[in-house]
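**Student:** Here it is, the structure in full.
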Amino acid sequence: MEHAKLYERLAERLSNLEKFPRIKEEKSIAALMEEHGINRRDFMKWAAGVTAMLSLPSTFTPLMAQAAELTDRLPVIWLHMAECTGCSESLLRTDAPTIDSLIFDHISLEYHETLMVACGWQAEHNLESAIEKYKGKYILMVEGGIPAGSSEFFLTVGPHGQTGQASAKKASESAAAIFAIGSCSSFGGIQAAHPNPTNAQPLSKITNKPVINVPGCPPSEKNIVGNVLHYILFGTLPALDAYNRPKWAYGLRIHDLCERRGHFDAGEFVQEFGDAGAKKGFCLYKVGCKGPYTFNNCSRERFNQHTSWPVQAGHGCIGCSEPGFWDNMGPFEEPLGDRLYHTVYGEGADKTADKVGVALLTVTAVGIAAHAAIAAVKGSGKTEE
Ligand code: FSX
Ligand code: SF4
Ligand code: F3S
(Lines of atoms letter the chains of each structure in order from A and count residues from 1; the text may use other names and numbers.)
(Lines give C-alpha, C1' and ligand atoms only; values in the text may rest on other atoms or scores of the structure.)
(Ligands and ions follow the chains in the order given, each with its own letter.)
Protein backbone atom coordinates (compact mmCIF):
# COMPACT_ATOMS: atom_id res chain seq x y z
CA MET A 1 0.00 0.00 0.00
CA GLU A 2 1.23 3.49 -0.81
CA HIS A 3 2.43 5.43 2.18
CA ALA A 4 -0.13 8.25 1.81
CA LYS A 5 -3.01 5.78 1.70
CA LEU A 6 -1.65 3.78 4.59
CA TYR A 7 -1.20 6.97 6.60
CA GLU A 8 -4.81 7.90 5.96
CA ARG A 9 -6.06 4.46 6.94
CA LEU A 10 -4.09 4.44 10.19
CA ALA A 11 -5.09 8.02 11.06
CA GLU A 12 -8.72 7.07 10.60
CA ARG A 13 -8.33 4.02 12.79
CA LEU A 14 -6.76 6.10 15.55
CA SER A 15 -9.42 8.78 15.40
CA ASN A 16 -12.09 6.08 15.74
CA LEU A 17 -10.24 4.60 18.66
CA GLU A 18 -10.04 8.02 20.26
CA LYS A 19 -13.82 8.12 20.42
CA PHE A 20 -13.85 5.11 22.73
CA PRO A 21 -13.97 6.02 26.39
CA ARG A 22 -10.75 5.81 28.34
CA ILE A 23 -10.84 2.64 30.38
CA LYS A 24 -8.62 4.08 33.06
CA GLU A 25 -9.43 7.17 35.01
CA GLU A 26 -5.82 7.86 35.78
CA LYS A 27 -3.54 10.48 34.30
CA SER A 28 -2.88 10.93 30.59
CA ILE A 29 0.41 9.65 29.23
CA ALA A 30 1.57 13.27 28.86
CA ALA A 31 0.94 13.95 32.55
CA LEU A 32 2.61 10.66 33.53
CA MET A 33 5.70 11.59 31.54
CA GLU A 34 5.88 15.09 32.90
CA GLU A 35 5.79 13.65 36.38
CA HIS A 36 8.86 11.56 35.52
CA GLY A 37 10.77 14.42 33.89
CA ILE A 38 10.20 13.24 30.32
CA ASN A 39 9.33 16.15 28.07
CA ARG A 40 7.42 16.22 24.79
CA ARG A 41 10.66 16.34 22.82
CA ASP A 42 11.93 13.11 24.46
CA PHE A 43 8.55 11.53 23.79
CA MET A 44 8.61 12.46 20.09
CA LYS A 45 12.19 11.21 19.81
CA TRP A 46 11.06 7.92 21.32
CA ALA A 47 8.06 7.78 18.93
CA ALA A 48 10.43 8.34 15.99
CA GLY A 49 12.57 5.43 17.23
CA VAL A 50 9.59 3.07 17.47
CA THR A 51 8.40 4.19 14.02
CA ALA A 52 11.79 3.27 12.54
CA MET A 53 11.85 -0.01 14.48
CA LEU A 54 8.51 -1.00 12.93
CA SER A 55 9.96 -0.16 9.50
CA LEU A 56 7.50 2.68 8.93
CA PRO A 57 8.48 5.97 7.27
CA SER A 58 9.50 8.77 9.65
CA THR A 59 6.44 10.80 8.59
CA PHE A 60 4.40 8.30 10.63
CA THR A 61 5.97 9.49 13.90
CA PRO A 62 2.96 11.65 14.96
CA LEU A 63 0.71 8.60 14.46
CA MET A 64 2.99 6.55 16.67
CA ALA A 65 2.83 9.21 19.38
CA GLN A 66 -0.96 9.24 19.11
CA ALA A 67 -1.07 5.43 19.30
CA ALA A 68 0.97 5.58 22.52
CA GLU A 69 -1.45 8.12 23.94
CA LEU A 70 -4.35 5.81 23.14
CA THR A 71 -2.97 2.76 24.93
CA ASP A 72 -5.43 3.47 27.75
CA ARG A 73 -8.28 2.44 25.42
CA LEU A 74 -6.90 -1.04 25.27
CA PRO A 75 -7.75 -3.71 27.85
CA VAL A 76 -4.92 -6.18 28.38
CA ILE A 77 -5.02 -9.49 30.21
CA TRP A 78 -1.60 -10.92 31.06
CA LEU A 79 -1.41 -14.53 32.26
CA HIS A 80 1.54 -16.21 33.93
CA MET A 81 2.24 -19.86 33.27
CA ALA A 82 5.47 -21.76 33.98
CA GLU A 83 8.36 -19.30 33.78
CA CYS A 84 10.70 -17.03 35.74
CA THR A 85 8.73 -13.76 35.30
CA GLY A 86 11.71 -12.36 33.41
CA CYS A 87 9.43 -11.14 30.61
CA SER A 88 7.48 -8.91 32.99
CA GLU A 89 10.71 -7.85 34.65
CA SER A 90 12.17 -6.91 31.29
CA LEU A 91 9.48 -4.30 30.99
CA LEU A 92 9.15 -3.17 34.57
CA ARG A 93 12.45 -3.53 36.32
CA THR A 94 14.17 -0.27 35.45
CA ASP A 95 15.79 2.10 37.91
CA ALA A 96 14.19 5.09 36.20
CA PRO A 97 10.93 4.46 34.37
CA THR A 98 11.43 4.40 30.62
CA ILE A 99 8.82 5.55 28.18
CA ASP A 100 8.21 1.88 27.36
CA SER A 101 7.52 1.04 30.99
CA LEU A 102 5.30 4.11 31.38
CA ILE A 103 3.27 2.98 28.39
CA PHE A 104 2.85 -0.31 30.12
CA ASP A 105 1.57 1.56 33.19
CA HIS A 106 -0.80 3.44 30.96
CA ILE A 107 -2.28 0.39 29.27
CA SER A 108 -5.42 -0.79 30.95
CA LEU A 109 -3.92 -3.87 32.50
CA GLU A 110 -6.99 -5.72 33.71
CA TYR A 111 -5.18 -8.71 35.11
CA HIS A 112 -1.49 -9.36 35.82
CA GLU A 113 -0.63 -11.63 38.72
CA THR A 114 2.70 -9.97 39.51
CA LEU A 115 1.38 -6.44 39.51
CA MET A 116 -2.16 -6.54 40.81
CA VAL A 117 -3.10 -6.07 44.42
CA ALA A 118 -5.88 -8.67 44.45
CA CYS A 119 -5.14 -12.27 45.34
CA GLY A 120 -6.97 -15.56 45.84
CA TRP A 121 -10.73 -15.55 45.15
CA GLN A 122 -10.72 -11.84 44.34
CA ALA A 123 -8.01 -12.26 41.68
CA GLU A 124 -9.82 -15.17 40.08
CA HIS A 125 -13.01 -13.15 40.04
CA ASN A 126 -11.19 -10.19 38.43
CA LEU A 127 -9.98 -12.41 35.63
CA GLU A 128 -13.40 -13.87 34.95
CA SER A 129 -15.08 -10.48 34.93
CA ALA A 130 -12.40 -8.91 32.69
CA ILE A 131 -12.88 -11.72 30.14
CA GLU A 132 -16.62 -11.20 30.26
CA LYS A 133 -16.60 -7.39 30.24
CA TYR A 134 -14.11 -7.01 27.38
CA LYS A 135 -15.17 -10.02 25.33
CA GLY A 136 -13.66 -9.82 21.84
CA LYS A 137 -11.82 -6.60 22.68
CA TYR A 138 -8.91 -7.40 24.94
CA ILE A 139 -5.35 -8.24 24.08
CA LEU A 140 -4.17 -11.43 25.71
CA MET A 141 -0.52 -11.70 26.63
CA VAL A 142 0.66 -15.01 28.00
CA GLU A 143 4.05 -15.46 29.61
CA GLY A 144 5.42 -18.93 30.24
CA GLY A 145 5.26 -22.45 28.90
CA ILE A 146 2.01 -24.30 29.50
CA PRO A 147 2.25 -27.65 31.26
CA ALA A 148 -0.21 -29.84 29.41
CA GLY A 149 -0.48 -32.64 31.94
CA SER A 150 -0.15 -36.31 31.02
CA SER A 151 2.32 -36.69 33.89
CA GLU A 152 2.06 -36.15 37.64
CA PHE A 153 3.50 -32.63 37.23
CA PHE A 154 1.22 -29.87 36.11
CA LEU A 155 0.28 -26.29 36.84
CA THR A 156 -2.78 -25.07 38.68
CA VAL A 157 -3.65 -21.43 39.27
CA GLY A 158 -6.02 -19.88 41.82
CA PRO A 159 -8.28 -21.18 44.55
CA HIS A 160 -10.38 -23.32 42.21
CA GLY A 161 -7.26 -25.14 41.14
CA GLN A 162 -7.92 -24.51 37.48
CA THR A 163 -5.07 -25.79 35.34
CA GLY A 164 -2.91 -23.22 33.56
CA GLN A 165 -3.85 -24.95 30.35
CA ALA A 166 -7.58 -24.43 30.92
CA SER A 167 -7.06 -20.84 31.99
CA ALA A 168 -4.95 -19.96 28.90
CA LYS A 169 -7.41 -21.71 26.61
CA LYS A 170 -10.38 -19.92 28.08
CA ALA A 171 -8.76 -16.46 27.96
CA SER A 172 -7.71 -17.10 24.33
CA GLU A 173 -11.26 -17.80 23.19
CA SER A 174 -12.55 -14.21 23.54
CA ALA A 175 -9.31 -12.27 22.86
CA ALA A 176 -9.02 -9.77 20.00
CA ALA A 177 -5.32 -10.53 19.61
CA ILE A 178 -3.01 -13.00 21.32
CA PHE A 179 0.69 -12.54 22.03
CA ALA A 180 2.93 -15.26 23.38
CA ILE A 181 5.42 -13.19 25.36
CA GLY A 182 8.84 -14.77 25.71
CA SER A 183 10.38 -17.98 24.44
CA CYS A 184 8.55 -20.08 27.03
CA SER A 185 5.12 -19.07 25.78
CA SER A 186 6.27 -18.99 22.14
CA PHE A 187 8.12 -22.30 22.07
CA GLY A 188 7.88 -24.00 25.49
CA GLY A 189 11.14 -22.61 26.88
CA ILE A 190 13.16 -24.05 29.74
CA GLN A 191 10.20 -26.10 31.01
CA ALA A 192 9.95 -27.84 27.66
CA ALA A 193 13.68 -28.63 27.53
CA HIS A 194 14.52 -32.31 27.64
CA PRO A 195 13.04 -34.30 29.37
CA ASN A 196 10.12 -31.83 29.64
CA PRO A 197 8.69 -33.32 32.86
CA THR A 198 5.48 -31.27 32.76
CA ASN A 199 4.85 -31.76 29.04
CA ALA A 200 5.13 -27.98 28.71
CA GLN A 201 3.78 -26.64 25.42
CA PRO A 202 3.81 -23.33 23.59
CA LEU A 203 0.61 -21.27 23.67
CA SER A 204 0.03 -21.99 19.98
CA LYS A 205 -0.48 -25.68 20.87
CA ILE A 206 -3.09 -24.82 23.49
CA THR A 207 -5.38 -22.60 21.43
CA ASN A 208 -6.56 -22.82 17.83
CA LYS A 209 -6.55 -19.06 17.47
CA PRO A 210 -3.65 -17.22 15.78
CA VAL A 211 -0.81 -16.48 18.18
CA ILE A 212 1.88 -13.88 17.55
CA ASN A 213 5.12 -15.08 19.06
CA VAL A 214 7.40 -12.55 20.75
CA PRO A 215 10.29 -14.80 21.81
CA GLY A 216 13.45 -14.01 23.75
CA CYS A 217 14.36 -15.11 27.25
CA PRO A 218 13.35 -12.47 28.01
CA PRO A 219 12.21 -10.48 24.98
CA SER A 220 13.30 -6.85 25.02
CA GLU A 221 10.88 -4.25 26.34
CA LYS A 222 11.00 -2.73 22.86
CA ASN A 223 9.64 -5.86 21.22
CA ILE A 224 6.80 -6.16 23.73
CA VAL A 225 5.69 -2.52 23.52
CA GLY A 226 6.33 -2.40 19.74
CA ASN A 227 3.83 -5.21 19.27
CA VAL A 228 1.18 -3.44 21.33
CA LEU A 229 1.67 -0.24 19.34
CA HIS A 230 1.61 -2.12 16.05
CA TYR A 231 -1.71 -3.62 17.04
CA ILE A 232 -3.15 -0.24 18.05
CA LEU A 233 -2.02 1.28 14.76
CA PHE A 234 -3.00 -1.48 12.37
CA GLY A 235 -5.49 -3.71 14.19
CA THR A 236 -4.23 -6.60 12.10
CA LEU A 237 -1.54 -9.25 12.36
CA PRO A 238 1.93 -8.05 11.39
CA ALA A 239 3.84 -9.89 8.66
CA LEU A 240 5.14 -13.03 10.36
CA ASP A 241 7.96 -15.47 9.71
CA ALA A 242 7.53 -19.24 9.67
CA TYR A 243 7.62 -19.32 13.49
CA ASN A 244 4.93 -16.62 13.76
CA ARG A 245 7.42 -13.99 14.85
CA PRO A 246 6.80 -10.44 13.58
CA LYS A 247 9.24 -9.79 10.78
CA TRP A 248 9.84 -6.20 11.84
CA ALA A 249 11.54 -7.54 14.97
CA TYR A 250 12.79 -10.99 13.98
CA GLY A 251 13.48 -10.58 10.26
CA LEU A 252 17.28 -10.40 10.52
CA ARG A 253 19.89 -12.42 12.33
CA ILE A 254 21.77 -11.04 15.32
CA HIS A 255 24.91 -11.56 13.26
CA ASP A 256 23.71 -9.34 10.39
CA LEU A 257 23.94 -6.10 12.38
CA CYS A 258 26.38 -7.08 15.11
CA GLU A 259 28.98 -4.47 16.02
CA ARG A 260 31.65 -7.24 16.13
CA ARG A 261 30.79 -8.39 12.62
CA GLY A 262 33.82 -6.66 11.08
CA HIS A 263 36.01 -8.88 13.26
CA PHE A 264 34.13 -12.00 12.16
CA ASP A 265 34.67 -11.05 8.53
CA ALA A 266 38.35 -10.37 9.24
CA GLY A 267 38.79 -13.70 11.04
CA GLU A 268 39.53 -11.99 14.39
CA PHE A 269 38.11 -14.13 17.18
CA VAL A 270 38.16 -14.25 20.97
CA GLN A 271 39.78 -17.63 21.68
CA GLU A 272 38.92 -17.65 25.38
CA PHE A 273 37.18 -15.22 27.71
CA GLY A 274 39.55 -12.55 29.04
CA ASP A 275 42.23 -12.95 26.34
CA ALA A 276 43.73 -10.11 24.29
CA GLY A 277 41.08 -10.54 21.59
CA ALA A 278 38.32 -10.14 24.18
CA LYS A 279 39.89 -6.87 25.29
CA LYS A 280 39.91 -5.68 21.70
CA GLY A 281 36.23 -6.56 21.21
CA PHE A 282 36.84 -9.37 18.70
CA CYS A 283 34.08 -11.69 17.48
CA LEU A 284 32.69 -14.17 20.04
CA TYR A 285 31.87 -16.99 17.63
CA LYS A 286 34.58 -19.31 18.94
CA VAL A 287 33.45 -18.84 22.53
CA GLY A 288 29.97 -19.89 21.56
CA CYS A 289 28.13 -16.94 20.03
CA LYS A 290 24.97 -18.19 18.30
CA GLY A 291 24.30 -14.87 16.58
CA PRO A 292 24.62 -16.44 13.11
CA TYR A 293 21.68 -18.75 13.88
CA THR A 294 19.45 -16.36 15.76
CA PHE A 295 16.74 -14.08 14.43
CA ASN A 296 16.15 -11.06 16.66
CA ASN A 297 16.84 -7.33 16.73
CA CYS A 298 19.07 -7.15 19.84
CA SER A 299 22.10 -5.97 17.87
CA ARG A 300 20.05 -3.07 16.50
CA GLU A 301 17.72 -2.14 19.37
CA ARG A 302 19.66 -3.38 22.43
CA PHE A 303 18.11 -3.45 25.90
CA ASN A 304 17.40 -0.88 28.62
CA GLN A 305 16.92 2.18 26.46
CA HIS A 306 19.52 1.14 23.94
CA THR A 307 22.20 0.81 26.64
CA SER A 308 23.68 -2.60 25.94
CA TRP A 309 23.04 -6.17 24.88
CA PRO A 310 24.68 -9.57 25.52
CA VAL A 311 27.37 -9.34 22.83
CA GLN A 312 28.29 -5.77 23.80
CA ALA A 313 28.64 -6.98 27.39
CA GLY A 314 31.17 -9.58 26.23
CA HIS A 315 29.22 -12.86 26.05
CA GLY A 316 27.97 -14.49 22.89
CA CYS A 317 24.31 -14.63 21.99
CA ILE A 318 22.88 -17.93 23.29
CA GLY A 319 20.09 -17.97 20.71
CA CYS A 320 17.36 -17.25 23.21
CA SER A 321 14.71 -16.32 20.62
CA GLU A 322 14.98 -19.59 18.67
CA PRO A 323 12.70 -22.60 19.19
CA GLY A 324 14.17 -25.19 21.54
CA PHE A 325 17.30 -23.15 22.22
CA TRP A 326 17.95 -24.77 25.61
CA ASP A 327 18.35 -28.12 23.89
CA ASN A 328 19.66 -27.03 20.51
CA MET A 329 22.09 -24.20 21.14
CA GLY A 330 24.25 -25.70 23.87
CA PRO A 331 26.91 -25.80 25.06
CA PHE A 332 26.49 -22.04 25.22
CA GLU A 333 30.19 -21.24 25.37
CA GLU A 334 31.26 -23.46 22.52
CA PRO A 335 30.56 -23.10 18.81
CA LEU A 336 28.01 -25.43 17.30
CA GLY A 337 30.78 -26.73 15.11
CA ASP A 338 29.75 -28.84 12.21
CA ARG A 339 26.29 -29.64 13.54
CA LEU A 340 23.55 -28.77 11.10
CA TYR A 341 21.05 -26.53 12.75
CA HIS A 342 17.62 -26.35 11.20
CA THR A 343 16.60 -22.71 11.24
CA VAL A 344 13.44 -21.02 10.16
CA TYR A 345 14.60 -20.65 6.59
CA GLY A 346 16.10 -24.10 6.22
CA GLU A 347 19.47 -25.51 7.05
CA GLY A 348 21.25 -24.31 3.93
CA ALA A 349 21.84 -20.76 5.02
CA ASP A 350 23.08 -21.71 8.43
CA LYS A 351 25.21 -24.47 7.17
CA THR A 352 27.07 -21.86 5.18
CA ALA A 353 27.41 -19.47 8.09
CA ASP A 354 28.51 -22.28 10.37
CA LYS A 355 31.20 -23.50 8.02
CA VAL A 356 32.38 -19.94 7.61
CA GLY A 357 32.98 -19.47 11.31
CA VAL A 358 34.59 -22.82 11.86
CA ALA A 359 36.86 -23.00 8.89
CA LEU A 360 38.17 -19.42 9.24
CA LEU A 361 38.30 -18.91 5.55
CA THR A 362 40.18 -16.05 3.99
CA VAL A 363 38.77 -12.60 4.55
CA THR A 364 37.26 -12.41 1.10
CA ALA A 365 35.77 -15.86 1.23
CA VAL A 366 34.30 -15.16 4.65
CA GLY A 367 32.70 -11.97 3.38
CA ILE A 368 31.30 -13.60 0.30
CA ALA A 369 30.03 -16.69 2.06
CA ALA A 370 28.45 -14.69 4.85
CA HIS A 371 26.71 -12.41 2.40
CA ALA A 372 25.60 -15.45 0.44
CA ALA A 373 24.11 -16.78 3.65
CA ILE A 374 22.16 -13.59 4.19
CA ALA A 375 21.01 -13.57 0.58
CA ALA A 376 19.89 -17.17 0.94
CA VAL A 377 18.00 -16.26 4.09
CA LYS A 378 16.30 -13.34 2.43
CA GLY A 379 15.59 -15.19 -0.78
CA SER A 380 13.93 -18.17 0.81
CA GLY A 381 11.63 -16.48 3.33
CA LYS A 382 8.27 -18.07 2.85
CA THR A 383 5.91 -15.45 4.22
CA GLU A 384 4.79 -12.18 2.67
CA GLU A 385 6.67 -8.93 3.28
FE1 FSX B 1 11.70 -16.07 32.07
FE2 FSX B 1 9.31 -15.18 30.78
FE3 FSX B 1 12.70 -16.68 29.90
FE4 FSX B 1 10.45 -17.64 29.91
O5 FSX B 1 10.67 -14.64 30.02
S6 FSX B 1 13.11 -14.75 30.93
S7 FSX B 1 12.08 -18.21 31.48
S8 FSX B 1 11.22 -16.62 28.18
O9 FSX B 1 8.69 -16.83 30.13
O10 FSX B 1 9.96 -15.29 32.46
FE1 SF4 C 1 28.63 -10.84 16.49
FE2 SF4 C 1 28.37 -13.29 17.31
FE3 SF4 C 1 28.30 -12.78 14.72
FE4 SF4 C 1 30.57 -12.60 16.07
S5 SF4 C 1 29.37 -14.49 15.69
S6 SF4 C 1 29.79 -11.13 14.60
S7 SF4 C 1 29.90 -11.81 18.06
S8 SF4 C 1 26.81 -12.12 16.24
FE1 F3S D 1 18.82 -13.51 23.31
FE2 F3S D 1 20.84 -13.47 21.67
FE3 F3S D 1 19.41 -11.34 21.99
S4 F3S D 1 20.78 -14.47 23.64
S5 F3S D 1 18.78 -11.45 24.08
S6 F3S D 1 18.73 -13.25 21.11
S7 F3S D 1 21.59 -11.41 21.76
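Every residue, even glycine, has its Cβ placed from backbone N, Cα and C.
Worth saying up front: this structure is predicted, and the values here are computed from it rather than measured.
So TrEMBL lists these for the protein:
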BINDING   Cys84, Cys87, Cys184, Cys217  [4Fe-4S] cluster 1 binding site
BINDING   His255, Cys258, Cys283, Cys289  [4Fe-4S] cluster 2 binding site
BINDING   Cys298, Cys317, Cys320  [3Fe-4S] cluster binding site
DOMAIN    84-230  domain 'NADH:ubiquinone oxidoreductase-like 20kDa subunit'
DOMAIN    250-332  domain 'Cytochrome-c3 hydrogenase C-terminal'
**Student:** Anything from the binding-site residues Cys184, Cys283, Cys289, Cys298, Cys317, Cys320 with its Cβ under 6 A from ligand 3? List those in sequence order.
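**Tutor:** From Cys184, Cys283, Cys289, Cys298, Cys317, Cys320, counting a Cβ under 6 Å from ligand 3 as near, the near ones are Cys298, Cys317, Cys320.
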**Student:** Taking Cys184, Cys217, Cys283, Cys289 as the binding-site residues to compare, which has the smallest set of other Cβ atoms within 10 Å?
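**Tutor:** Comparing Cβ neighbour counts within 10 Å for the binding-site residues Cys184, Cys217, Cys283, Cys289 gives Cys217.
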**Student:** Restricting the comparison to the binding-site residues His255, Cys258, Cys289, Cys298, Cys320, which residue's C-alpha is spatially nearest the C-alpha of Cys84 ([4Fe-4S] cluster 1 binding site)?
**Tutor:** Cys320
**Student:** Fill in the CA-CA distance, Cys184 ([4Fe-4S] cluster 1 binding site) to Cys320 ([3Fe-4S] cluster binding site), as an integer in Å.
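**Tutor:** Between the alpha carbons of Cys184 ([4Fe-4S] cluster 1 binding site) and Cys320 ([3Fe-4S] cluster binding site) there are 10 Å.
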**Student:** Determine the binding-site residues, out of Cys84, Cys217, His255, Cys283, Cys298, lying near ligand 1 in the sense that the CB is under 6 Å from one of its atoms, and give them in sequence order.
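**Tutor:** Among Cys84, Cys217, His255, Cys283, Cys298, near ligand 1: Cys84, Cys217.
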**Student:** Please report the number of other Cβ atoms within 10 Å of the Cβ of Cys258 ([4Fe-4S] cluster 2 binding site).
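**Tutor:** Here the count is 23.
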**Student:** Considering only the binding-site residues Cys84, Cys217, His255, Cys258, which possess a Cβ situated under 6 angstroms from at least one atom of ligand 2?
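**Tutor:** Only His255, Cys258 qualify.
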**Student:** Among Cys87, Cys217, Cys298, Cys320, these being the binding-site residues, pick the one whose CA is nearest to that of Cys283 ([4Fe-4S] cluster 2 binding site).
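**Tutor:** So, of the listed binding-site residues, the one sitting closest to Cys283 ([4Fe-4S] cluster 2 binding site) is Cys298.
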**Student:** Taking Cα atoms as reference points, rank the binding-site residues His255, Cys289, Cys298, Cys317, Cys320 by distance from Cys87 ([4Fe-4S] cluster 1 binding site) and give the first.
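**Tutor:** The answer is Cys320.
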**Student:** Can you tell me which of the binding-site residues Cys217, His255, Cys258, Cys289 is spatially closest to Cys320 ([3Fe-4S] cluster binding site)? Compare CA atoms only.
**Tutor:** Cys217
**Student:** Average the per-residue pLDDT over the domain 'Cytochrome-c3 hydrogenase C-terminal' (250-332) and send me the rounded value.
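**Tutor:** Averaging the confidence scores along the domain 'Cytochrome-c3 hydrogenase C-terminal' (250-332) gives 96.
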**Student:** An 8 Å radius from the center of the His255, Cys258, Cys283, Cys289 Cβ atoms defines the neighbourhood of the [4Fe-4S] cluster 2 site; name the other residues of that chain inside it, in order.
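**Tutor:** Checked against the 8 Å cutoff, the neighbours are Ile254, Arg260, Arg261, Phe264, Leu284, Tyr285, Gly291, Pro292, Val311, Gly316, Cys317.
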**Student:** Please identify, among the binding-site residues His255, Cys289, Cys317, the one with the smallest Cα-Cα distance to Cys217 ([4Fe-4S] cluster 1 binding site).
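**Tutor:** When the Cα distances are compared, Cys317 comes out closest.
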**Student:** Any idea what DSSP makes of His255 ([4Fe-4S] cluster 2 binding site), helix, strand or coil?
**Tutor:** helix
**Student:** Just to verify: the residue among Cys84, Cys87, Cys298, Cys320 with the fewest other Cβ atoms within 10 Å, which of the binding-site residues is it?
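**Tutor:** Cys84, out of the binding-site residues Cys84, Cys87, Cys298, Cys320, has the fewest neighbouring Cβ atoms within 10 Å.
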